Every structure is written in C-alpha cells, then in structure tokens.
Amino acid sequence: MTIAVGRAPSRGWFDVLDDWLKRDRFVFVGWSGILLFPCAFLALGGWLTGTTFVTSWYTHGLASSYLEGANFLTVAVSSPADSMGHSLLLLWGPEAQGDFTRWCQLGGLWPFVALHGAFGLIGFMLRQFEIARLVGIRPYNALAFSAPIAVFVSVFLMYPLGQSSWFFAPSFGVAAIFRFLLFLQGFHNWTLNPFHMMGVAGVLGGALLCAIHGATVENTLFEDGEGANTFRAFNPTQSEETYSMVTANRFWSQIFGIAFSNKRWLHFFMLFVPVTGLWMSAVGIVGLALNLRAYDFVSQELRAAEDPEFETFYTKNILLNEGIRAWMAPQDQPHEKFVFPEEVLPRGNAL
C-alpha cells in the first residue's frame, strides 16, 4: 500500500498580507485602507493644525486661526502666496529648507492638505469598490462617489494649475470658500456658465428626487396592524416588501400623468441626476482654469452702452461683476498693489 503525504502549499508574504488586510474586523482595512487611512489622517490633521495655529499674514495678509481670534466660520488653511507659483512646497524643499515654522508661514500646509485630501477621497472610493467586490454587489457606490471627487480635484487642483499659482485656489475654510465663489463670479461670470447650471440642476434635482422618493416610500408602507405607526416595517428580517410600488405608481400617475414603472429605472435616475450634474460642474471648472468664456451677449452690452435707458439683467450682472473685480482685487491680491482711480470704477446706467 502506498501512502502519499500531502504538504500544504507554502504561502508568500503577499498572501499573508492580503489575508490580514481583508480580515473581518470592526473597521475594514483592505488594500484601499493603505491609501485611505494615512492620507485622511494627515489631511485632517494638517487642517486642524493650520486652523488652530497658523496665520495667513504672510500669504494673504489675513488672520485665519483660532490663535489669532478667528472663529469656526472664518478660520482657514490658506493657499500659498502668488510668488510661490505651483511649487509643491515640500518641507525639505528649497523654499522652507526643513524649517517647519517657515514652511507654515509660506503656506506649505495648503498643498499638504489638498494632495492628501485628494488621495484620501480616492482611497475612500476604492474602499467602496473593494468592499463591493468582496460582498458581491455592483460598484455603483464607488461610481457615485467619483462625482464629488471630480469636483474637489477640479476646484482645488485643476483650476489653480490653469491659473498663475496655487494662490488662486480656494483656501480650506468656510468664509474662504465664500470668497472663492465671489471670485469665480466676478472674474468668470460663473453663474451664467451652462456647466454651472447643469451642476445646480443636478444637486437640487437630486435633493428633490431624494425627498420625493423618501416621502413616497413612507406613504406606501404596508400596514402592519390597526395602529397609526408602522415601525415593524423597519424590521430588517422581514421577508416581504416594505412598501407598494404599484400604489406609488398609481399615485404619481394621477399627479403627473406619468410615473416610474420599475424600481431599477427609478433608482438609476436618482443616481444619474446628481452624479451627472457634479461631473458637468467639474468640467466647467476645468474650462474656467483655461479662462474659457461661456455666454457673452455682446449685442446687449453694446446697446446698453449706447442707450442709457436700455438695461437687462445680463448687463446689470456684467456691471456687478466689474464691481467685484475692481473692489475685490486690491483686497484679495494686496501683493499686486492695485490702485483704481475713481473714474474707472463701475457705475450703473442709472447713476
């Protein structure tokens, strides 16, 4: 009789690491976690450090930290000075030369937070893709999350790369983002840009669809008893459907004369509207980075210049944009030492 003794195949370090990363634990790590967790930690830590201690005096001539008296709405990690160009401002680079204090003064925390934040968001998207594959579902969550990533990358990275320096990127703070919005309007007439319109339609349309869908499901929950509440419908172990798609279809058919006939098309539409809107707005921001113009109704501007009694909402907005540029530029870019004489400041046709 012959006895064959089997030997377990040897496992390499990659297999061991793969098993450890994908082990079932309270917080899943995975291969995506190698990118996500360090980058998210460093981005958040850099932002908290900057908003707590670091001034923007040397980059924007502003106070921007809790230490200087700013509050949650006015603190920011500000973008570097215009003179820094598109330098990555590495701590060990020629600008800071390993001096941490000088690095903070030059605005080194901004590219640190921006790049680690971008890679952290990408890591989170890859995390959704990885877990979806392990669980055995489609990766549409990752696809949906690509939309805010596209907006972040286009606004914080692509736009300033198309301009003269990182200075023109938004700083990381609430009031700083508002300043950036005013800048986009004044210098690019962003609200009249069709890509911005598609973005607004996507975000508000997605919110509307979400509200309508949630209300419709609540309205058509199957009744569990005589009571007014139907909380047993939230039991995750129930085998039957929670709500009636047929009843919902009948309701909206009576409201609009048309309704979604199946859940797949309904939920795909809820995915498509906001994701497409955000992607289109990201494309529009890349266009602004290249200083592309959108709608210019020159005929209206020429007629308004010739006829003091002719003015449209478009020509009024053009005057407002001129005002933003004229009054914002000296405050926003003090290093340029702009001086605008009174006669070139914008005046409305009625003045």
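From the backbone N, Cα and C atoms, a Cβ is placed for every residue, glycine too.
As recorded in Swiss-Prot, the features of this protein are as follows:
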BINDING   His116  chlorophyll a ChlzD2 binding site
BINDING   Gln128, Asn141  pheophytin a binding site
BINDING   His196  chlorophyll a PD2 binding site
BINDING   His213, His267  Fe cation binding site
BINDING   His213, Phe260  plastoquinone binding site
TRANSMEM  39-59  transmembrane segment
TRANSMEM  123-139  transmembrane segment
TRANSMEM  151-164  transmembrane segment
TRANSMEM  206-226  transmembrane segment
TRANSMEM  277-293  transmembrane segment
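Here the features listed in Swiss-Prot are painted onto the structure.
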residue	record	Cβ contacts under 8 Å, 6 or more apart
His116	chlorophyll a ChlzD2 binding site	Cys39, Ala40, Leu42, Ala43, Gly46
Gln128	pheophytin a binding site	Pro139, Asn141, Ala142, Phe145
His196	chlorophyll a PD2 binding site	Trp190, Ser281, Gly284
His213	Fe cation binding site	Leu266, Met270
Phe260	plastoquinone binding site	Asn249, Trp252, Leu266, Phe269
His267	Fe cation binding site	none
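Sequence-distant residue pairs (6 or more apart) of the transmembrane segment (151-164) and the transmembrane segment (277-293) include at least 3 whose Cβ atoms are under 8 Å, placing the two stretches in contact. Neighbours of Asn141 (pheophytin a binding site), defined as other CB atoms within 10 A of its CB across all chains, total 16.
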